[in-house]
Amino acid sequence: MYRFISELYPICRSITGQGIRDTFGRIQQHIPLSITAVPSGTQVFDWTVPLEWNIRDAYVADRQGVRVIDFKQSNLHVVSYSTPIAARMPLRELKAHLFTLPDHPDWIPYRTSYYKESWGFCLSHRQYLDLRDEDYDVVIDSSLKPGHLTYGEYYLPGDTAEEVLISCHACHPSLCNDNLSGIAVATFLAKSLQTSSRRRYSYRFLFLPVTIGAITWLALNQQKVSNIKHGFVLTGVGDEGGFTYKKSRVGHADIDEAFAHVLRHSGESFEVTEFIPYGYDERQYGSPGFNLPVGCFMRRANGGYPEYHTSGDNLDFVKPTSLSRSLQVVQSVVEVLESDRGYVNTSPYCEPQLGKRGLYRTIGGNVTGRSAEMALLWVLNLSDGDHTLLKIAERAGLPFLTIKLAADALEGQGLLRPAG
Amino acid sequence: MYRFISELYPICRSITGQGIRDTFGRIQQHIPLSITAVPSGTQVFDWTVPLEWNIRDAYVADRQGVRVIDFKQSNLHVVSYSTPIAARMPLRELKAHLFTLPDHPDWIPYRTSYYKESWGFCLSHRQYLDLRDEDYDVVIDSSLKPGHLTYGEYYLPGDTAEEVLISCHACHPSLCNDNLSGIAVATFLAKSLQTSSRRRYSYRFLFLPVTIGAITWLALNQQKVSNIKHGFVLTGVGDEGGFTYKKSRVGHADIDEAFAHVLRHSGESFEVTEFIPYGYDERQYGSPGFNLPVGCFMRRANGGYPEYHTSGDNLDFVKPTSLSRSLQVVQSVVEVLESDRGYVNTSPYCEPQLGKRGLYRTIGGNVTGRSAEMALLWVLNLSDGDHTLLKIAERAGLPFLTIKLAADALEGQGLLRPAG
Amino acid sequence: MYRFISELYPICRSITGQGIRDTFGRIQQHIPLSITAVPSGTQVFDWTVPLEWNIRDAYVADRQGVRVIDFKQSNLHVVSYSTPIAARMPLRELKAHLFTLPDHPDWIPYRTSYYKESWGFCLSHRQYLDLRDEDYDVVIDSSLKPGHLTYGEYYLPGDTAEEVLISCHACHPSLCNDNLSGIAVATFLAKSLQTSSRRRYSYRFLFLPVTIGAITWLALNQQKVSNIKHGFVLTGVGDEGGFTYKKSRVGHADIDEAFAHVLRHSGESFEVTEFIPYGYDERQYGSPGFNLPVGCFMRRANGGYPEYHTSGDNLDFVKPTSLSRSLQVVQSVVEVLESDRGYVNTSPYCEPQLGKRGLYRTIGGNVTGRSAEMALLWVLNLSDGDHTLLKIAERAGLPFLTIKLAADALEGQGLLRPAG
């Protein structure tokens, strides 16, 4: 995953244009992503698909022709969606179009102006202070004209049409944690699901420009929305911070319970936070008309670290181990979703005699004897049609897998049958 | 308000008689109070309107004719509802009728004997210790005979017959916080409501003798009770303590939520306590037959300060600033009640595009940009028919007014319409 | 109760056999216990009634014929249900059948092998270390053959067929707290209930071999189960620890509320824990097919003290005062169950005038004036058909008895009548 991020890092992505298409091309080397292109001007709910933006070069050069700000050095230097310009102007005039972070003088900020035509450059505050009071050549060789918004979609069918949605934004330029980490973990989750022998749910992976992409997908796929039983937005999962799961608007959806459970047993620090209508695309999935059970899985939450939306969110900021542990968490969540169901105790009057069936020893894995015995007793006691395995695991304070293994062993002995 | 209290302070009020009528007369100089007189002997539920009590003079004089206890010095010196007496008796015999506060030797206690005929004097413990062992002339020039119980009522009609009840007791003699502070704040709240251009609710202000007054009003106005949608007893709001709101018996009535919300954002220390069937007239409004949503707003709760029911509850004990801040709280509560309602997001599928409508800048007042933006998002996200503005404000952790201004702005843009 | 425990202590009980029958015989000296004998081989749900086990003698003797382990010294020395043996064997071979507690070298452990044929000796670790490397004569003079499982039952009829179940296990040999304390408290509770003039509920006391006994009773009495309205397992109530009440599987059954209330007002340290499907026979009563409202009352919970299931659980470990206070708690719980009911305020509009009825003084007992007055007000305020006396007591924070006395006084004045 880290290597994949390194490969995607240099691309200048935006909400439209060649950069995001190139990104989809790289994802296609891992999973068979289908690409949808939606023409500029298409009405999607209250929004309009914007013009397509592309950029070839941009710089500010001094009187000696030296590029003091150079897009080739970092694609963060240009405000995303900057209109083209080619002009000579004094520093005074230029300054209205320069953005820096005085508190972090070595970092270049990330700025966009998608829905209001303007242009600008971002630079480190140190660079800014070095600018001399002279005239500069200012060039942005960009284009903003009718084209397409593109998004990538990978649908992996399962036993039922009910689906799990995994959504990532893919529109940020050279930002590693906010953007690329989610893309990488989602891609590798998809790869691992492809190879699983059987899937109860279908899986839909979306790689989208943030906000307008999710709105566009929802507008064009309204008939599919009712299939979404669980979902999460995946982003910011590569830094070294603890986990954050932000609940869906629903608040106690199965996906919310599954993430809370898996994180509780992850052995790492984590936080489960309430839904707020600010953040990533869970805002759109959780708008009142849809109210989908879609949460958001991150490590440190958006805005919760100074590197957020700066050049500090680079290849040093994300770590292979963090990515790998994040992937394990989402895989465990998927295992919970896949396996969670209710069972009925076929011998509900008093406890069945487990000893004569050798059941106390049949639970494999790393489950120790005491937990295995308690898991058997909890599953038998709560398999009354009102409790799914996840509810039992929560009540018992045991990991889902321990409860699942107990249920399998009991089902194998005919002491349990699937409910419903 | 403080001046008004100063004016009312010297009057010798009781649950019947000229003192409470004089008090109503003073209130009428501010608001058009209507007075109801109910004859002694009238049956009101389980109670009977008592005889009317009036007093002209009372004293205990020593052998030199010096008044050692003198009603003219403080109307607290006579136990309220004392029967007339004119006798000479030795100190020993007199002592059975004397009441003091040994722990607060400078204060005169406040005592009553409404429902059991007796007489007595209250005095400071210092005065008491100074009494010589001699005979005293004991005179109470009072009368206890058929008359009337009176209460004052001010009904301010609104757009609907649904009403907000504000109830104060007005039967305590020279006690400032417990009695006069509530009268003053209620009177000035009524004055401010009179001048408001529009009222959704009708408002009923009651000034009553405690217990028997509320019981009498409820007994004579049973057909009006179903109009009471919200209400609160107002008393003890002039001291320097933090706020106390005691919830209605209902427990989670709108009035309970409104007070809790306003106090949470008041910037002052406060406590919200559960209903108990002891305290002021919320006991009667909250009896099981009525179970009205009527709480009680105080600063320090009844009995929660040593000056309570003593001469220490005087003009020094109440403060103009405390009165003024208490009035602001009840005015804010009234604003919440008036404005709280549910809205429906007319663009519920994904977020509407706020930027193109300039909405991020249209929220006025002192609301800062970030809160204003969050308020817009919260109102849009939760305007689903299940959430009123107050519920949204609570969920968002923002003041009601911020949410209300956001709702107004969104409604102005057609993005919101009133629910129902 | 302590004397009764001393008398039962020497008997070698097991889940079948003469020891448990002798125990029932001793209980019959206090209450008219009826005995049921169920033949070995009887199928009870998923279980089979086992062979009956009896033992006359057992020892390990050295070459000098000295009994180095001797059943006559302590019946814990033999693993319960040991098959007969008479053999000479070297220490090495014997060791596979010896059980000790290295962490508590002076105590003999308690071990059983009910459902798997084997034999063994338990001994203190000190004894074990003293064994010399030589041949030993190993004798267990036991029998394991078709016979009966026996249980004792005492049914005390009340005004209704609805019953309270009190269940104790009686199958442990010389263990005082875990076994005998429950038997003693249950027996004395039964004695005290016999003499009460009137009982709303019927009471059923069960003295059973653990697990198989409860399963057998439930299997043979399924038609009676629906009469069980409340119940608790009673055991481990003689040690000096604080109280533990483990809730029924139902979780908020009346019995759970009653124990929690009584313990809260007991003045002693206590813990109320959630149901788990491990522990005593509440596991069987709380299996999903029955889901009976049966909790478990203990002092220190099973396994919560090192003496548990060792010779350390002896006559020094249980205390007369602990037994006596435990009996008081269960008696108070029974009083709550007997007296708890809902009332309706016959004067629900405003408070009735308590003073004129002298009610403030009619509450007897040790209830102080202020609590008595509050109890009257709470009962009147909440007697609306939705609150039983126990719920009122909980809401008021007053002991059930105070609330009950207030209700009696109010009913005596016609201000209250039974609901329903």
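Every residue gets a Cβ built from N, Cα and C, even glycine.
Caution: TrEMBL annotation is automatic and unverified by curators.
These come from TrEMBL:
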DOMAIN    C:2-340  domain 'DUF4910'
DOMAIN    C:52-143  domain 'DUF2172'
BINDING   C:His172, C:Asp178, C:His309  Zn(2+) binding site
DOMAIN    C:342-417  domain 'UCP01524 winged helix-turn-helix'
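Sequence features annotated in TrEMBL and their locations in the structure.
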| residue | record | Cβ within 10 Å |
| --- | --- | --- |
| C:His172 | Zn(2+) binding site | 27 |
| C:Asp178 | Zn(2+) binding site | 27 |
| C:His309 | Zn(2+) binding site | 20 |
- prompt: Within 8 Å of the Cβ centre of C:His172, C:Asp178, C:His309, which other residues of the chain have their Cβ, at the recorded Zn(2+) site?
  reply: C:Tyr110, C:Leu175, C:Asn177, C:Asn179, C:Tyr308, C:Asp313
DSSP-derived structure type at C:Asp178 (Zn(2+) binding site), helix or strand or else coil: helix
- request: Work out, from DSSP, the number of helix, strand and coil residues along the domain 'UCP01524 winged helix-turn-helix' (C:342-417).
  value: 41 helix, 11 strand, 24 coil
